[in-house]
Amino acid sequence: MLHFHPALLVVLWLQLTSFVRAITYSTHDSGCNLFFCMDISIGDDDILTYEIKPIFEPFGWVGVGWGRQMKGTPMVVIWDGTDGSRILSQRFGVGHVEPIVDHKPPRVATLVEPSPNTVWETKSSDTSNYSTTAFQIPLNKSEPRPGTMIWAYSLSTPESDPNADLNGHYVAGTFNMRLINPSYVPPGSATAKTILVHGLFLSFGFLVLLPAGALVGRLGRTFTVRWFMIHRALNFYVALPVIALGWVMGPVTVHNANGAHLSDAHKICGVLLLLLYIAQVLLGRYIHAKRAVPGRALHPPNNILHVLLGLCVVALAFFQVNSGLGEWAKSTGRKDVDKWYRDVWLVWVLALPAFYFSGLALLKRQFFLEGLGNGMDEKNYIQLSTTAALDAEQDSEYGELESGMPLLARTGY
């Protein structure tokens with residue numbers, strides 16, 4: 001059974017609560033195409049506010065839906081009534097036909113007053129005189145980001161009735177509102193859980209388990225012949241599943257957010273770090289398999305490469321964790337993460353090299369034990385020659401196999 005030091009549990013708990021605080025942050029996103037502009041904001045009460053401003057003449061109706069195709073997608077359609085009022089109609093797509101009126105939608109949309117501070121950056125030089133329509137709708141907990149949405153724009157205005165028939169759209173398409181300025185993940189959502197697993201498991205795997213295995217390899221060999229068993233258990237049997245699970249949660253989070261893979265240095269470095277870790281594990285297993293080869297050097301180049309590669313993996317992991325914190329601060333609009341987290345990271349990045357390189361003071365002891373045959377193997381013997389012992393025909397004349405007494409102590413010669 002694994003036993004964790006109380007101080008480590010405190011650090012992990014503080015890390016968990018830091019991530020929870022970081023993801024509960026209000027945000028918005030906006031964009032324009034040639035036909036209309038849309039702004040989305042998310043409040044602390046998990047209410048989405050949509051503001052839509054038509055910019056293409058003439059304006060009939062505009063609809064947006066939460067899905068990737070018309071069939072099976074709930075949507076909201078808005079237009080101006082003949083008396084200047086705003087009309088909002090909730091519909092449900094059943095195919096490439098007019099969406100039907102949804103009298104009992106799972107999330108009810110409500111017209112609200114648009115914000116006077118919204119600034120539109122249109123692709124068209126003509127911003128039109130059409131007014132902005134705003135509505136609010138509860139956040140879908142299973143889809144925390146609006147993600148890829150469908151839209152349609154018509155030049156024909158329906159009657160002033162939410163149940164009115166809709167004429168065919170003039171143009172339709174999709175857009176991706178990623179809410180990346182800043183990013184938002186509601187607490188308790190599936191995306192929030194994957195982020196927590198990703199950050200917590202990888203931080204623990206790369207900055208706790210692997211350094212612990214490295215310290216065992218550097219210091220443990222000078223105290224016990226069983227150091228390799230602990231070294232292998234930490235770096236492979238324990239660290240591998242922890243790192244694998246945490247790493248997979250990264251691409252899962254990007255996919256759920258409709259983001260692009262390998263689109264920045266943090267994502268690329270994450271792939272590189274995983275490949276280096278796998279290479280390090282394979283190299284270690286290769287070295288261990290070759291340890292008993294006759295005539296093998298005590299410290300072959302493969303061993304030195306294994307040490308250097310391990311140091312590179314841990315160093316890159318420190319950079320990657322710091323990069324992840326920076327990416328989070330950049331995407332959420334927070335200038336920094338809680339001060340305690342930075343302090344813990346800084347203390348560990350300074351203390352770990354000090355612990356590791358202090359083991360160089362034990363090199364003399366290590367070489368002495370290796371000279372006694374007390375190295376990586378547990379056989380605890382000194383190999384005098386790679387040739388076979390005296391054969392059976394020579395034993396009776398020159399050997400000591402027939403007697404437990406040394407030759408010089410025997411009498412009768």
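Even glycines carry a Cβ here, placed using N, Cα and C.
Per TrEMBL, signal peptide is recorded for 1-22.
TrEMBL lists 163-366 with the feature domain 'Cytochrome b561'. Confidence over the domain 'Cytochrome b561' (163-366), given as mean pLDDT on the 0 to 100 scale, stands at 81.
Residues or ranges marked as transmembrane segment by TrEMBL: 195-216 (among others).
Using a Cβ-Cβ cut-off under 8 Å and counting only residues 6 or more beyond its ends in the same chain, the transmembrane segment (236-253) has close neighbours at 2, 191, 194-195, 197-202, 204-206, 209-210, 213, 261, 267, 270, 274, 277, 281, 284. The feature transmembrane segment is assigned by TrEMBL to 236-253 (among others).
Here TrEMBL flags 265-283 (among others) as transmembrane segment.
The transmembrane segment annotation in TrEMBL covers 304-325 (among others).
Annotation source TrEMBL lists transmembrane segment at 345-363 (among others). Nonlocal intrachain contacts for the transmembrane segment (345-363), taken as residues 6+ away from its ends with a CB within less than 8 angstroms of a stretch CB, comprise 207, 211, 214-215, 218-219, 222, 311, 314, 318, 321-322, 325.
Below 8 angstroms of C-beta separation, residues 206, 210, 235-236, 240, 243, 247, 250, 254, 302, 305-306, 309-310, 312-313, 316-317, 319-320, 323-324, 327 of the same chain, each at least six residues beyond the ends of the transmembrane segment (265-283), sit close to that stretch.
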